[in-house]
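> Please see the structure below; I have some questions.
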Amino acid sequence: MAGGDFGPRATKELLRQYGVIAKKQFGQNFLIDARVLEGIVDAVNADDRTVALEVGPGLGALTIQLANRARQVIAIEKDETLRPVLGGVLAGRENVELVFADCLKVDIEALVSPFLQPVDDFVFAANLPYYVTTPILFAVLESKLPLRRAVVMVQREVADRMVAEPGGKDYGVLSVGVQYRGAVKRLFVVPPSAFLPQPGVESAVVLIDCERRPDDRATDEEKFFQVVRAAFSTRRKTLENALASGLGVPKSESADLIRRAGLNPSVRAEALSIADFVRLAEQMGT
Ligand code: SAM
């Protein structure tokens, strides 16, 4: 791959040269496997119309590959101490905008919007820090930015929940939340040996294709997510009981709501499709 060797030896040397010690509290597990990087970059499928947002560039391994293909890369890194190494690795890359900030505290829309033209291909790519995977993912997915696709590395069990279908044990708020935004596919599993330092768990790369979102849309997304959270608030209960406690309403009211949505009050949340949740949300407050 053109632009930077991030194999194990080169990465150790880079860490030594800049006096960087990987910080556990920032979820720093740097990618050192060229094949995995290539797999991510292929899935991102950037070209000269693409604007790519990366959260957590780390030492810049993925950033460089994105910069080789995309028109513009915006990379947000929380760890200020990586400024010298990123400055060195990305020197001369004029299409990379490096921002040192906590991506959960910055206005991502305001940051990215100036780089977007109406016809732009806007994508999100990240090897996400495991301790804040879902807040970061949702900060991007729920923004008003015209996201076409996201390619993210997450813990394998998080990936399993993202792609889970109704009826399975992994199906829950995360599955519905992500699948509401796009078609989700687990691309490949990544072993701990692909990182330095090695995490204690397996990882997986997931593609969210936002151009293939489900047709069922909620008129009021806030209500939609409120009902989804309430439905899954307690696992073993029937939908009637879960919605009653999750929404803080009497059981007669939750049962009525469920029936108006064409569902059986004794069904469990795990069995409901996105279309079912949309119908439930449409019946709320009517
Ligand atoms: N992209 C690099 C790679 O693949 O080698 C590093 C990935 S490492 C798993 C996660 C990165 O996210 C770290 O560089 C970490 O400092 C950064 N990070 C953690 N929390 C963050 C936050 N809230 N906002 C921005 N960056 C964050």
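Glycine residues also receive a Cβ, built from the backbone N, Cα and C atoms like all the rest.
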> Pick from ASP42, ASP47, ASP102, ASP107: which one does TrEMBL list with ASN29, LEU31, GLY56, GLU77, ASN127 for the same S-adenosyl-L-methionine site?
ASP102
> Most Cβ neighbours within 10 Å: which of the binding-site residues GLU77, ASP102 is it?
GLU77
> Give the sequence-ordered list of residues that share a chain with ASN127 (S-adenosyl-L-methionine binding site), lie 6 or more positions from it, and have CB atoms under 8 Å from its CB.
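Expected: ASN29, LEU31, ILE40, GLY56, GLY58, LEU62, VAL152, MET153.
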> Grab the S-adenosyl-L-methionine binding residues from the record (ASN29, LEU31, GLY56, GLU77, ASP102, ASN127) and give me their largest CA-CA distance in Å.
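Of all Cα pairs among the recorded S-adenosyl-L-methionine binders, the widest measures 21 Å.
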